[in-house]
2 protein chains.
Amino acid sequence: MAQSTAETDANTYEQFLEKVRRIENLGAGAGVLQWDQEVKMPDEGIEARSQQLSTLSAVIHEEFTDEEMGAYLNELESTDLDDEQAAVVREIRRQYDRKTRVPTELVEEISRTTSKALPKWKEAKAEDDFSIFAPILEELIELKKEYAEHIDPDADPYEVLFADYEPYIELEKAEEMLARLREELVPLIDSVSDSDAELATDAFAGEFDPDTQEKLARDALDVLGYDWDRGRLDTAPHPFSTGNQFDARVTTRFDETDLLGGLTSTIHEFGHATYTLGLPDEHYGTPLGDSRDLTVHESQSRLWENHVGRSRAFWELFHPRVEERFPDVEASGEDAYEAANQVHDDNLIRVEADELTYHMHIVLRFEIERELIEGDLSVEEIPETWNEKMEEFLGIRPDTDAEGCLQDIHWSHGSFGYFPTYSLGSVLAAQLYANADEEIDDLDGKIREGEFDPLREWLVENVHRHGARYTTPELIEEATDEAFTADYFLEYVTEKYGELYDL
Amino acid sequence: MAQSTAETDANTYEQFLEKVRRIENLGAGAGVLQWDQEVKMPDEGIEARSQQLSTLSAVIHEEFTDEEMGAYLNELESTDLDDEQAAVVREIRRQYDRKTRVPTELVEEISRTTSKALPKWKEAKAEDDFSIFAPILEELIELKKEYAEHIDPDADPYEVLFADYEPYIELEKAEEMLARLREELVPLIDSVSDSDAELATDAFAGEFDPDTQEKLARDALDVLGYDWDRGRLDTAPHPFSTGNQFDARVTTRFDETDLLGGLTSTIHEFGHATYTLGLPDEHYGTPLGDSRDLTVHESQSRLWENHVGRSRAFWELFHPRVEERFPDVEASGEDAYEAANQVHDDNLIRVEADELTYHMHIVLRFEIERELIEGDLSVEEIPETWNEKMEEFLGIRPDTDAEGCLQDIHWSHGSFGYFPTYSLGSVLAAQLYANADEEIDDLDGKIREGEFDPLREWLVENVHRHGARYTTPELIEEATDEAFTADYFLEYVTEKYGELYDL
């Protein structure tokens, strides 16, 4: 292997990093355009906006996959690099390989097909008619299989697709974890359903003015310590969080009849934004200043949403704020805690599910999409398979496909392999929270007092500040001194729901 | 000259246009980032945003000035093109030449220096100390002279700089026009000052809640026919309008003690946005779908701000809306008209000036910056020269430089040659409005009835729909059947202010 002088190496690495930063900046620019499109853009703006985004995406692709990038990677891989440099090269190499292996025509065809699939899915859902969506879903499945084949012809195609969302956790590991969730949660949910415990489920029943809900959401972000100099709150039909360590924005939505939904959605997105804000400023524009993949990102949102935002301590702290904004509400901290943790065993909709049944929705999707990609299930069989699994896992059966297999947008985006990261994120949240709880003196008491800095600092120190320096398993090991495990999650839900439902 | 087959030509032109669209899309993306920065971005976001914008600007520069672009231009210029194609090639060639003639290092140095100049200017203005700003202003003048020298070593450097903002109107013509304004407006302003007429200047005195002012600004945009599906209204410290034919946004600002200021600023920016919205949809991304330069753009904002928004007909229509929002205001249409047209001969600030004295502020800046660039005036002499000219033109003298030569941001941007386009825009607005008034039956009556479509349609037909197909003089000739002239403007102000002030 050719070994250049130390000085040349340093120059090459700096030039490479300059190129990486350039690409990241273009990507960040596209992110602002997407935020604007969802949150601020007037309707008719879409015509020009889609051209702007498609140009940006073409420029990014060209810059990422050009000969110069290949040459930098080859040269740097045969050079002595320090740990940080090696991590940057590892991350860029992985993306470079995935991008260069797929022919541009196929990328464009997938992009065209998903553009057509989205309105078809919307129509199918609105009309409750799966046959409207089925043909284009079939096309998408074939295209994504072809895509996977280009990236790695020897691998299980679902494994390749899954790695687009979670590259460092092996599919086998994810599968084991989901199987364990299914095995242990189904009986737990059954016991909850059989329980006679009466929770204060009506604590937040009523109608709530959205403008006042927004004020309450801002109260929650104030209490949790959101940095308004580096963020903002807006509403969007599908809440998301986006940005970088200098500007990480939260979106949420408010439903007049669902006060808790707006709050938990806000806290969830706050968790994502808090991760982004914890990334090191000095590494902006490189993988060292960028977040890890979906499992870790989702662990941060779920940690704040569930372990904080659905905790007794939080509701003891926060219920007076609800009463200040909505004087008609008379819910004690305990009432609020119970309402926020009610298990809805008759709920058909994933995004409205509680901490327990949620994972059954994910296991169902995971099992279906694996079989779809492997060719063991045909598109026409989806509705029936879906309904059977709902019956098997939760004892309920959707009356319509709109409330069944048409409820989620993901497949219309061609996103097969995305769903599992939601459950993996929850599982990791529990593992991280258990460690933080161990290491922070009286964390529960601190939350009750509104002191969130220790928890946030623990997460910055153990997760955020590393950016993408470590792979996901390395990062988990680094933060918790053990491998990724569902033990903590199962312990957490067993204890919490055992107490709530007198099991 | 080599002549290719018609088919090859068409292909070359299509490829060239594809490249042009790509560059325009990147520029439009940067425009969204700038809008966001001014209007929505949290403060700390600037760190990442400036990197994103600087990357985008570098990519745009590279794409615009690469060999491929030069080759396309050379080939197309030796080809038979239709009028539209020839116009696109003309516009891109002009920009290509200007961009390729200036060395990248100089562009970067100017950009670095303006970044440093902005905070210096702010500090100097805040501390009322010109010496804080003087050294970097001197640097900027030298750099811009060097810049002009690269573009055209044989031309008057101020002429070259002026052409950055108004490429198709000759400096000599602009100079003649400004001299004529000075000659005819100074005695008119004197007569107004000497007049005993008492205008209803207090019609809108008081304090006005900004949120209600915003509602009133939205009322005004509703009345004028702003297309909310292709636009939005926000506030910004320095109001501007930005976007494209699918999404043209307005910003404004509200001052508690200045109800009229917020309204006229809104209507001014509405004029800019209306021009943008009138550009042809099908040519988005090319010069045929892009606006002409600053004179024409400013003519559109001033036409709506002054000829509509300060007309008696408009105030007869709109004054009840003011009273609906602010029931304490008791101003008849006539009162409102008088208040909106009061000549403030003691006003020192350009952006607060009326239709008459405004141009004296511009003539003053024009004369100073010409001499600065020609080396006939030193930076240290600016404050004294400024104050002398204020005395000469308006009979008033600023007590401080903050209210004098430090009031405008433009020079800190290195924008020398920009100011004249404000006056040229007003002059052109009058010429266009006189023609519209001639061709639209009872335009005044229509405005009084809230029928703004005929005026907008006239502007679309005669100005907007052409994009940058014609040069500015051609466009004026096309729209008004005569050359650019100050006759209409002078006639308009002489009649209007003669009547208002009993001259």
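Positions of Cβ are set from backbone N, Cα and C atoms, glycine also.
As annotated by TrEMBL, Zn(2+) binding site applies to B:His268, B:His272, B:Glu298. For B:His272 (Zn(2+) binding site), the same-chain residues 6+ apart in sequence whose C-beta sits under 8 angstroms from its C-beta are B:Phe240, B:Ser241, B:Ala248, B:Val250, B:His297, B:Gln300, B:Ser301.
Annotation for B:Glu269 (active site, proton donor/acceptor): same-chain Cβ neighbours under 8 Å, separated by at least 6 residues, are B:Pro239, B:Phe240, B:Ser241, B:Val250, B:Thr251, B:Thr252, B:Ser301. In three-state terms derived from DSSP, B:Glu269 (active site, proton donor/acceptor) belongs to a helical segment. For B:Glu269, the entry in TrEMBL reads active site, proton donor/acceptor.
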| query | Around the Zn(2+) site recorded as B:His268, B:His272, B:Glu298, what other same-chain residues have a C-beta within 8 angstroms of the site's C-beta center? | reply | B:Ser241, B:Glu269, B:Gly271, B:His297, B:Gln300, B:Ser301, B:Arg302, B:Trp304, B:Glu305, B:Gly425
| Packing count at B:Glu298 (Zn(2+) binding site) (other Cβ atoms within 10 Å of its Cβ) | 26
| said: At a 10 Å cut-off from the C-beta of B:His268 (Zn(2+) binding site), count the other C-beta atoms across all protein chains. | reply: 23
